[in-house]
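Asks: This is the feature table in TrEMBL:
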- 45-107: domain 'T-SNARE coiled-coil homology' (DOMAIN)
- 49-66: compositional bias 'Basic and acidic residues' (COMPBIAS)
- 49-101: region 'Disordered' (REGION)
- 77-91: compositional bias 'Basic and acidic residues' (COMPBIAS)
- 92-101: compositional bias 'Polar residues' (COMPBIAS)
- 121-140: region 'Disordered' (REGION)
- 125-139: compositional bias 'Low complexity' (COMPBIAS)
- 178-240: domain 'T-SNARE coiled-coil homology' (DOMAIN)
Amino acid sequence: QMSSRNPFDDDYKPSKYATGATVKSYQRAAPAVEDEQDYYEKEIEKYMQESLDSTERSRRHLENSERTGVATAQELLEQREKLEKTEKNLDTIHTTTQQTQRNLNSLKSVFGGFFKNKFSRKPADPSSSSAPVPQSKSAIGLSNTAEMVTATPLRSGGMSGPTLSEQSRQAIKGTRWEAMDQQIDDNLDMMSGTLQNLRSLGSALGTEIEDQNKMLDRIQVKADRNDAIVRNQDNQMKKLLGYTPADKEKEKK
């Protein structure tokens, strides 16, 4: 029979397996107020920095798009000058073919004796009507828009309004976040202005492209017309010179 000992005796030492010998508490200690404040400050810092970086990237992309739009406008205006010169040259060629036809008719009258000159009136000299072609309304509008965008740098001016509420702005007043929030607002204002410029450029570019497409259609018609006239006059000249199909075969060889 095992003897029992009084656990309240002075020399009594409880076994390590005894209930209640070592009691560990699994209750998590409440975080300190300073730690919680530091956590929220880091979250605010992260949010503000991400917003600032995002607006900076967006602003740079829009500025690049604006520069591309202005460069495109300048290229279109240069292209218009070339197209206008091409169309004017085609008109000059047409006037020249009229003079050529008049000369051919005169030769027919001399050699045939019964051909009548269809052009009783001498065609106008192309050099006498070489007035500069007036610039179209679409080109003027595009030029003015590109000049306006280039000559007027964007500045922040509260166009889009503050991003934070009055309460939030008062909460960060005097902190390092206030400057970050101001920079975000400035970036958004510049983005808003750049978008307005891009909208104006896009409209002016579209109008100019439509006008140049019409010009290209006219150039195509005039080029085909001149080609047909020149081919016809070439055949007339060959007939006058007694050109035969045998001569054509010799040219091929």
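Just so you know, glycine gets a Cβ as well, placed from its N, Cα and C.
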Asks: Six or more residues beyond either end and a Cβ under 8 Å away: which residues meet both conditions relative to the compositional bias 'Basic and acidic residues' (77-91)?
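Replies: Counting only partners 6 or more residues beyond its ends, the compositional bias 'Basic and acidic residues' (77-91) has Cβ contacts under 8 Å with 126, 133, 136, 139, 142-143, 146, 208, 212, 215-216, 218-219, 222-223, 226.
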Asks: If you run through the compositional bias 'Polar residues' (92-101) with DSSP, how many residues end up as helix, strand and coil?
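Replies: Residue counts for the compositional bias 'Polar residues' (92-101) by secondary structure: 10 helix, 0 strand, 0 coil.
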Asks: Please give the average pLDDT for the domain 'T-SNARE coiled-coil homology' (45-107) in this predicted model.
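Replies: Reported value for the domain 'T-SNARE coiled-coil homology' (45-107) is a mean pLDDT of 93.
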